[in-house]
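Asks: Here it is, the structure, as structure tokens.
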Amino acid sequence: MDWLFFRNICLLIILMVVMEVNSEFIVEVKEFDIENGTTKWQTVRRQKREWIKFAAACREGEDNSKRNPIAKIRSDCESNQKITYRISGVGIDRPPYGVFTINPRTGEINITSVVDREITPLFLIYCRALNSRGEDLERPLELRVKVMDINDNAPVFSQSVYTASIEENSDANTLVVKLCATDADEENHLNSKIAYKIVSQEPSGAPMFILNRYTGEVCTMSSFLDREQHSMYNLVVRGSDRDGAADGLSSECDCRIKVLDVNDNFPTLEKTSYSASIEENCLSSELIRLQAIDLDEEGTDNWLAQYLILSGNDGNWFDIQTDPQTNEGILKVVKMLDYEQAPNIQLSIGVKNQADFHYSVASQFQMHPTPVRIQVVDVREGPAFHPSTMAFSVREGIKGSSLLNYVLGTYTAIDLDTGNPATDVRYIIGHDAGSWLKIDSRTGEIQFSREFDKKSKYIINGIYTAEILAIDDGSGKTATGTICIEVPDINDYCPNIFPERRTICIDSPSVLISVNEHSYGSPFTFCVVDEPPGIADMWDVRSTNATSAILTAKQVLSPGFYEIPILVKDSYNRACELAQMVQLYACDCDDNHMCLDSGAAGIYTEDITGDTYGPVTEDQAGVSNVGLGPAGIGMMVLGILLLILAPLLLLLCCCKQRQPEGLGTRFAPVPEGGEGVMQSWRIEGAHPEDRDVSNICAPMTASNTQDRMDSSEIYTNTYAAGGTVEGGVSGVELNTGMGTAVGLMAAGAAGASGAARKRSSTMGTLRDYADADINMAFLDSYFSEKAYAYADEDEGRPANDCLLIYDHEGVGSPVGSIGCCSWIVDDLDESCMETLDPKFRTLAEICLNTEIEPFPSHQACIPISTDLPLLGPNYFVNESSGLTPSEVEFQEEMAASEPVVHGDIIVTETYGNADPCVQPTTIIFDPQLAPNVVVTEAVMAPVYDIQGNICVPAELADYNNVIYAERVLASPGVPDMSNSSTTEGCMGPVMSGNILVGPEIQVMQMMSPDLPIGQTVGSTSPMTSRHRVTRYSNIHYTQQ
């Protein structure tokens, strides 16, 4: 049964094949015979979905409707059913529309319009066969219709005008330019084949260019292009299709060719010869102009001339340059001519171009010299230096004072007219940067006028340069010469040999010597200096390495000391100025190379090869032995003892207990201000002289001041940090105040009991002092007297507070008189001039018209009463503190504030007499009065302000404290002077600068009569008032 199944399948396949073969799509194409003018139909069957042949071709630009139908399609299915034929594609349902149509019943395809091949060279028509239901009975077929070309387009050039350039004298067939034209007709067809041709050439004449007919390349016809004849050519070129046939279409273009210049013309001078004249010793920037002629293009290097002096310029006197604007050569005189050497000069001038000549003519060029005659005019000449530069050198070893007046040599000028040394000439030094030279004005001998440093900045590369001027006395002409002085350099690091003394054995007399590590310029060379003569025959030195050498005796030595002079040179052949002495001690040695002589400690040798210690031999290294002498052992023991003793001494100093009280138990360092000690006064002028201090006021020195302010009042403390006290007391306190006095223990006397220590301040000295008791009886007597004096002064002052008339104001003056000036009367008293210092005594005698007797050197002693009653309820509280020097602490320096005072302030001081039997104590301060301060003094005792002498009574000579107080009497309208700034501004010494405040300060407070005992004046005191002191107030200060 299986074979039956396969049989049926095979039959079915055969049936399908038969049906496929019988269904075909037939196309009939009408072909035209153009030559015979006949047409015929050709049937084309589609086999396996492929067309056999194209449809009939159509000619562009013609009416092809007479050829319709151009094709016919037919399907073999039309015998069984009704078929509709349809077409689509370009020219049907795509632009251009409506070119082709089809008969849907018969399948004939017709063309209906004119076609353009340049627009559509080929039409693709898709054909379909449809049944009544619109279904394709056949697969769509493609029908191709080709458009035949006709010559309807002329050639077109890419440019209407072509420009090109070509160098002149170019070889033949050199490409100039390539023309390009295109044709829109069918490619590779006769209608698009273009032929090129040169129609015309301007300028006319022999044709210079050739054109390739097919490529359009324009080339040179020959090598005779000459820019100097024609610099531009204009060609008219035609391009024709159909290979240039007469029936072809054509077009034309212009071709402009520029001929480029090359250096093919030789320059020549306008004249055949030239001449000029010039005075000798003169220069000229334009002696003569030479014109060159060149036919090449102007402004280019082919035209620009280059002038050359071929001969005659042996002394380099002339130079020639080209003017680029005119192409002329300018002959210049750059070096002075000498009539005596060359009265006439014959030059030869040649010319060529800046650019190289063209290869076509380069071999033909020859430079032809043109003669130029120069005549030198003789003139009267001055001196001149020959040679213009002369070298001198300083001999080795000349330095320091030996340079002074050292003669370098002689440099003289000559007379150019005669050639002999110049006469009537003065020599002077011109440029001399260091002012080191001097010259003899007549002989020209040059010397050093001063010493100089050989490392000066004026010495460059070891040469010092200066100029010498020679001036002719007659004509005034000047000649300049240059001298170059070679100054030998100082070798700061000249090679030095280690200076130690060396020991050598007599049986092996050799020792190693080395250069120290600070020397530079290795390797070094060593040699023995034969001084004294014959020593070089006894010793030989030979280098072992870059820094060492071995010194060997040539003969047997005797025990003793030897000094051998050795000269060491570095790699630059520089050496020390003097030979170095190598000290040797020769002795007999044992087997260990130890010196048997007890005077030598041992032998110090060094291994030549391994840098070790050992016997010095040339072949091997030995063992070094170093001995230590008794002196060395003693120094070692002494050092150990000092190391042990130093901590013990330090421990004793640190553990010593401090004595609580008493001057005798304190450590008092010896003062440095005693005799024999130099003091630095830090002042200008001569040093102070040693004179009697009893009648000489010590000079004022700068001192340190500091203004301290608390929250309630302003205090001014004046510290006499620069003062010096001499006498029997050990402390002096300066107290200035009004109601309250604040002071400082300022100085200490050198003769007081107890110890004192000197301390240095900014300027001068400041001493600490020991505390001691104050003589209260003396204080009572002192202040009682001052109180009486102030009371008498107030009672005796007349009341002059009334209208006063002054003559110098004139009559009817609108300005009123000044009242309330009764206190000025005392200032007008001329008796104050009798108490002026000796330096003002002469002025006072002139004013008083009398002779003033000097004050006696001693004052009368005033007995001190110990039981004087107190006058009035005055209470004085003295607070003092004394500290040991170990407690001294210093504060940082503080800037002193300027005093400011408001209004007019009256200050009055009363001084009491002191015991004349005691030498006055001199205190040196440096007061500085505030601006706008008027100070007048009515002195009751010879105490001139606190700069002067303070006389201390004899019974107080051994006391530690002496109080010096100033007091102001209060009156209505007078502001409270407890303000310490006022005190500083108008009375008392004002110290400028800063002070180091230490523990030696003591404060003295003076109480008001209304205050109870023990109450101090402070911020809560009813007698204390606060004032701001202005700097522009007028302050009148009176002392009594």
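Even glycines carry a Cβ here, placed using N, Cα and C.
Annotated signal peptide per Swiss-Prot: 1-23, in sequence order. Residues or ranges marked as domain 'Cadherin 1' by Swiss-Prot: 50-157. Swiss-Prot lists 50-631 with the feature topological domain 'Extracellular', giving sequence analysis as the kind of evidence. According to Swiss-Prot, the N-linked glycosylation site annotation covers ASN110, ASN545. Annotated domain 'Cadherin 2' per Swiss-Prot: 158-269, in sequence order, evidence recorded as sequence analysis. If you look up Swiss-Prot, you'll see 270-385 marked as domain 'Cadherin 3', on the strength of sequence analysis. The feature domain 'Cadherin 4' is assigned by Swiss-Prot to 386-497, with sequence analysis given as support. The transmembrane segment annotation in Swiss-Prot covers 632-652 and is backed by sequence analysis. What Swiss-Prot records for 653-1040 is topological domain 'Cytoplasmic'. As annotated by Swiss-Prot, repeat 'Desmoglein repeat 1' applies to 884-909. According to Swiss-Prot, the repeat 'Desmoglein repeat 2' annotation covers 910-940.
I'm curious about the neighbourhood of these features; can you describe it?
Replies: When DSSP labels each residue, the domain 'Cadherin 1' (50-157) comes out as 7 helix, 43 strand, 58 coil, counted as helix, strand and coil in that order.
Mean predicted confidence for the topological domain 'Extracellular' (50-631): the pLDDT average there is 86.
In the structure as shown, the Cβ atom of ASN110 (N-linked glycosylation site) sits within 10 Å of 17 other Cβ atoms.
The DSSP breakdown of the domain 'Cadherin 2' (158-269), given as helix, strand and coil counts, is 6 helix, 50 strand, 56 coil.
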Asks: Between the Cα atoms of ASN110 (N-linked glycosylation site) and ASN545 (N-linked glycosylation site), find the distance and write it as a whole number of Å.
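Replies: One finds 120 Å between the Cα atoms of these residues.
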Asks: How many other Cβ atoms sit within 10 Å of the Cβ of ASN545 (N-linked glycosylation site)?
Replies: 13
Asks: Tell me, by DSSP, whether ASN545 (N-linked glycosylation site) is helix, strand or coil?
Replies: coil
Asks: So how many of the residues in the domain 'Cadherin 4' (386-497) end up helix, strand or coil by DSSP?
Replies: 4 helix, 45 strand, 63 coil
